[in-house]
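The block underneath contains the structure these notes are about, expressed in structure tokens.
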Amino acid sequence: MSSNATDLTTGFIASIVAIVLFGSNFVPLKKYETGDGMFLQWVLCAAIWLVALVVNLILHCPKFWPFAMVGGCIWATGNIAVVPIIKTIGLGLGILIWGSFNALTGWASSRFGWFGMDAEEVAKPVLNYIGAGLSVVSAFIFLFIKSEIPNNTYSVDTTPLISEHVINKTQDPDPDCSWVDKLSTAQSHLVGCSLAVISGILYGSTFVPIIYIKDHSKRNDSIYAGASQNDLDYIFAHFSGIFLTSTVYFLAYCVAMKNNPKLHPEAVLPGFLSGVLWAIATCCWFIANRSLSAVVSFPIITAGPGFIATMWGVFMFKEIQGRKNYLLMMLAFCIILTGALCTAFSKI
């Protein structure tokens, strides 16, 4: 088997694993109360950092590039909104929307060389454009899917940190009631979709520092000259940025709460498991970036988890119901699948 064929096989296998884990990593938390999500976010990020430590030791501690931490900071900032997103529009729809905008941002920045990166070329650019365009179309379809969130599961959802400390100052006196719970149905849908779009754009920018370092490593006049071309060598720095940023946010939250944070011990182990799943999925994504290039991996890996998450939302959590919603989902999935295939074949 040729080296190119091996890279393609490795890249697509890594993509499949990443898709399944990204679409399922929030599921362990669904049955548990997470409150406002701040403490849970810190637990999840601690698990992420521990996985990075193990990977770093396996790779014999490659050189640490501090600039790669910026990508982790961007991811953690985007992750602030995840708990409100899940509370307002549900697990499946939330991942579908932010995944679509994640795909578009990551694809465009790699394809056109934004933020100082080198523009990436593909064998069949027309197919690549079609694939990215279909991701955008699917995102707009998802905006019209209505989700139903049971009151008793309003916060058990997901991973990350949540509303900012400014929001915490205006919370309802009820310790279990947050600003999200006071929104009307229409407001919840608008707020959830808007936050999902913003998070998706930030998620799509998370690999920019790493790709920037790799691109400039080929230039003798750059401070990054000679830097590794193996994406996994940047895992530890990237995940350290995530953990550092989440720690800063959590400490700011504790100050805002006057050293009385809302802790939910029963969610610690599920949160840790969620973090491990996310970290493994991201490692697979790094492998896919190396084997396929970001311009190919982004549309595939960011579109797929929405399908997995929505299946959880439909069959297990009953968040999405009704014939109209099912038809819209089927249409969106067909578009996603077509877009992913176009993107994949653009590399060959």
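Note that Cβ sites are derived from N, Cα and C of the backbone, with glycine treated the same way.
The following features are taken from Swiss-Prot:
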- 8-28: transmembrane segment (TRANSMEM)
- 39-59: transmembrane segment (TRANSMEM)
- 64-86: transmembrane segment (TRANSMEM)
- 93-115: transmembrane segment (TRANSMEM)
- 125-145: transmembrane segment (TRANSMEM)
- 193-213: transmembrane segment (TRANSMEM)
- 235-255: transmembrane segment (TRANSMEM)
- 267-287: transmembrane segment (TRANSMEM)
- 295-315: transmembrane segment (TRANSMEM)
- 326-346: transmembrane segment (TRANSMEM)
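The transmembrane segment (93-115) makes contact with the transmembrane segment (193-213), as judged by at least three Cβ pairs under 8 Å among residues 6 or more apart in sequence. Segment contact is absent for the transmembrane segment (326-346) and the transmembrane segment (64-86), given fewer than three CB pairs below 8 angstroms at sequence separation of 6 or more. Note: the stretches the transmembrane segment (64-86) and the transmembrane segment (235-255) are in contact (3+ CB pairs below 8 A, sequence gap of 6 or more).
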